[in-house]
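Noted in TrEMBL for the protein shown:
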TRANSMEM  A:48-67  transmembrane segment
TRANSMEM  A:87-110  transmembrane segment
TRANSMEM  A:122-145  transmembrane segment
TRANSMEM  A:196-214  transmembrane segment
TRANSMEM  A:235-263  transmembrane segment
TRANSMEM  A:283-301  transmembrane segment
TRANSMEM  A:313-346  transmembrane segment
TRANSMEM  A:366-384  transmembrane segment
TRANSMEM  A:396-420  transmembrane segment
TRANSMEM  A:447-466  transmembrane segment
TRANSMEM  A:493-513  transmembrane segment
TRANSMEM  A:519-539  transmembrane segment
Amino acid sequence: MTETSDETGQGIPAPEGASDLIDTDYEIGQDNIDGNVGPFGFDIHNPVFLISGLAIVAFVFYTLALPDQAGAVFSWLFSAVTKGFDWFFLGAANLFVIFCLLLIVTPLGSVRLGGADATPDYSYIGWFAMLFAAGMGIGLMFYGVSEPMSHFSSAMGGTAVEGGARTDWAPLGAAGGNEQEAIRLGMAATIFHWGLHPWAIYAVVALALALFTYNKGLPLTIRSAFYPLLGERVWGWWGHLIDTLAVFATLFGLATSLGFGATQANAGLNELFGVPVGATTEVILISAITAIALISVVRGLDGGVKVLSELNMGLAALLLLFVLFVGPTVAILTGFVDYLVAYVQYLPALSNPVGREDVNFSQGWTSFYWAWWISWSPFVGMFIARVSRGRSVREFVICVLLIPSLVCVLWMSVFGGTAIQQVVQDGYTAAQDAPLELKLFKMLEQLPLAGITSLVGIILVIVFFVTSSDSGSLVIDTITAGGKVDAPVPQRVFWCIFEGAVAIVLLLSAGGLASLQSMVISTGLPFTVVLLIMCYAIYKGLAAERQKR
Amino acid sequence: MFKKIMVPVDLAHADRLEKALACAGALASQFGAETIYVGVSAAAPSSVAHTPEEFAQKLSAFAKEQAQRHGITTGAHAMTSHDPATDLDPTLMKAVDETGADLVVMASHVPNIADYVWPSNGGTLASHAKASVLVVRDS
């Protein structure tokens with residue numbers, strides 16, 4: 001007698017329906033080494049775990065031993081990448097958006113991740129909370145007020161030309177002196193950086209990984225998406241290289257933003273409670289964030305990561321509603337529609353990859369952002385893939401591309417819109433003048449219950465870091481275990497602590513954070529090529545699924 | 001004394017389970033009990049199977065093989081978990097209820113210092129399950 005879930009209604013979701021498994025001799029975990037370190041078990045991919053671990057240590061040492069040289073090398077690399085390849089980033093990101101939109105409307109969108117009859121692993125709310133918290137939660141806290149404000153101010157300032165080149169930072173042709181148009185242009189530029197393009201970048205990576213894992217039966221790791229291109233070679237050095245690069249970008253991306261986040265949270269705490277600013281407070285903050293992340297990863301995906309993500313989304317929604325109703329409600333709501341129209345109106349010009357006159361804006365802002373989102377995409381994409389089984393491709397793209405974009409528009413309209421109204425209507429410029437990390441709090445100061453809302457703001461900042469840190473540790477652990485999602489728990493504990501330790505070491509060294517962050521963003525260039533190949537792989541993979549049905 | 005025996009198995013390391021499997025087989029034939037083999041997998045492909053469906057098939061094959069070897073009646077009960085590395089305990093607890101087992105026979109390592117931080121799955125099940133639990137050490 002055998003008994004499966006179709007009898008009990010639980011356990012395995014009964015036959016999953018047609019899918020097109022790739023026939024490979026590779027067995028997941030065949031290159032792994034397992035054993036014990038003291039009492040703790042491990043099961044790691046050889047050589048990805050060792051190479052990426054050692055390379056990370058080597059880079060940290062290099063940055064610490066030769067800070068000036070490392071700083072110079074990485075900032076040159078960063079500038080060469082974002083300035084020299086701006087056309088490539090902008091063009092590629094446009095392609096990703098078009099590719100995703102096409103998936104919604106073509107028959108390929110009906111393919112289901114996990115087989116034709118698979119059922120979703122998570123409810124809409126849990127799923128959405130997790131992909132948002134991992135994807136950009138923290139950025140919204142810092143840039144929700146500051147970015148619309150920056151673009152608004154520079155657009156108001158008009159253009160400045162020196163030696164035939166624009167020296168101002170305004171988007172497109174600016175809107176010198178025209179307040180209403182400067183607001184629209186500023187909001188459109190902000191939404192451009194937080195809307196369709198970044199989410200299309202995440203969606204491409206996530207879809208490629210989910211497809212090749214759940215429908216093709218390959219391990220949950222970045223290299224699997226290259227199977228259509230590289231074939232069996234993907235299990236060799238090509239694959240090792242791709243996976244190592246992904247671990248590298250993820251860990252340094254997380255560690256550097258953890259380091260910067262700690263300095264920003266410290267500034268906020270200082271403003272609110274007079275907590276002293278300095279290395280001691282920041283190290284305590286990083287340790288606390290890492291400790292909470294540690295509890296979360298040990299509790300696992302459902303008991304830790306999902307719970308924290310939902311908690312955070314709930315808090316963020318409360319703060320959003322509070323500002324919406326207590327702030328200039330009518331202006332925000334009419335603004336929301338107006339900014340959305342402005343976004344669509346300015347989108348062709350903003351996304352144009354060649355012949356741009358607003359070089360400071362298109363290279364310093366857009367190209368930087370695209371490189372940044374792309375360098376984060378292996379991490380966020382893999383995490384989204386992990387939790388997206390059972391969704392159809394069309395549902396997946398709508399929920400990963402369109403809905404988060406709309407939420408970002410709403411967020412920016414509420415937070416940025418309120419701060420801009422404070423300047424325009426009330427002449428209150430504290431938020432405009434404040435440094436980046438304080439803008440949100442200066443804006444909240446003008447609203448009632450500022451003490452409570454600022455505290456909620458600080459908690460959100462900290463918990464958003466935790467939700468990036470814990471999901472990042474899970475992703476790195478899975479990649480370095482050769483795609484095994486059930487590797488021993490001490491391994492994810494190791495990565496979580498390692499990430500906090502790297503952040504602390506970099507924080508304590510002068511300029512270490514900035515130079516390594518430049519390096520991370522530079523990895524956006526090779527990953528853009530990776531993403532383009534993924535689009536091809538997704539197309540091939542989906543077409544094969546369709547034929548199978 | 002016992003009607004249904006549940007045996008959690010890790011198909012990736014079936015070789016380490018010999019003692020527990022032999023023990024379960026002997027008890028099952030002694031009491032004429034049905035033995036249900038429970039396996040837990042993630043939805044993502046693993047070294048054992050590419051899909052949850054394939055995992056369930058392999059578990060069934062395993063159960064049939066055990067039936068022949070020990071001359072007992074067996075069944076298989078496959079479970080999926082989002083994060084098996086951390087959710088194994090609650091998943092197995094659920095399996096005890098779902099299978100209606102009155103005895104669990106489970107392999108476990110000899111405890112070491114790590115068990116103070118992460119108790120073994122066998123130990124946790126013995127502490128919390130309503131059914132009787134026999135933890136079989138692997139040495």
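Just so you know, the numbers here start at 1 and follow the chain as drawn.
Positions of Cβ are set from backbone N, Cα and C atoms, glycine also.
Here the structure is a predicted model, which means the values were calculated and not measured.
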Folded-back contacts onto the transmembrane segment (A:283-301), same chain, C-beta under 8 angstroms, at least six residues removed: 258-259, 261-262, 265-266, 307-308, 386-387, 462-463, 465-467, 469-470, 473-474, 489, 492-493, 496-497, 499-500, 503-504, 507-508
Contact between the transmembrane segment (A:87-110) and the transmembrane segment (A:396-420) (at least 3 Cβ pairs under 8 Å, separation 6+): yes
Most Cβ pairs under 8 Å with the transmembrane segment (A:519-539), selected from A:122-145, A:235-263, A:366-384, A:447-466, A:493-513: A:366-384
Interface present between the transmembrane segment (A:196-214) and the transmembrane segment (A:493-513) (three or more C-beta pairs under 8 A): no
Best-contacting stretch, by C-beta pairs under 8 Å, relative to the transmembrane segment (A:447-466) and drawn from A:48-67, A:196-214, A:235-263, A:313-346, A:366-384: A:313-346
Long-range neighbours of the transmembrane segment (A:396-420), counting only residues six or more past its ends (CB under 8 A): 97, 100-101, 103-104, 109, 113, 124, 127-128, 131-132, 135-136, 140, 144-145, 147-149, 152, 183, 186-187, 190-191, 194-196, 199-200, 202-203, 206-207, 210, 320, 323-324, 327-328, 331-332, 335-336, 339-340, 343, 384, 388, 431-432, 439-440, 443, 447
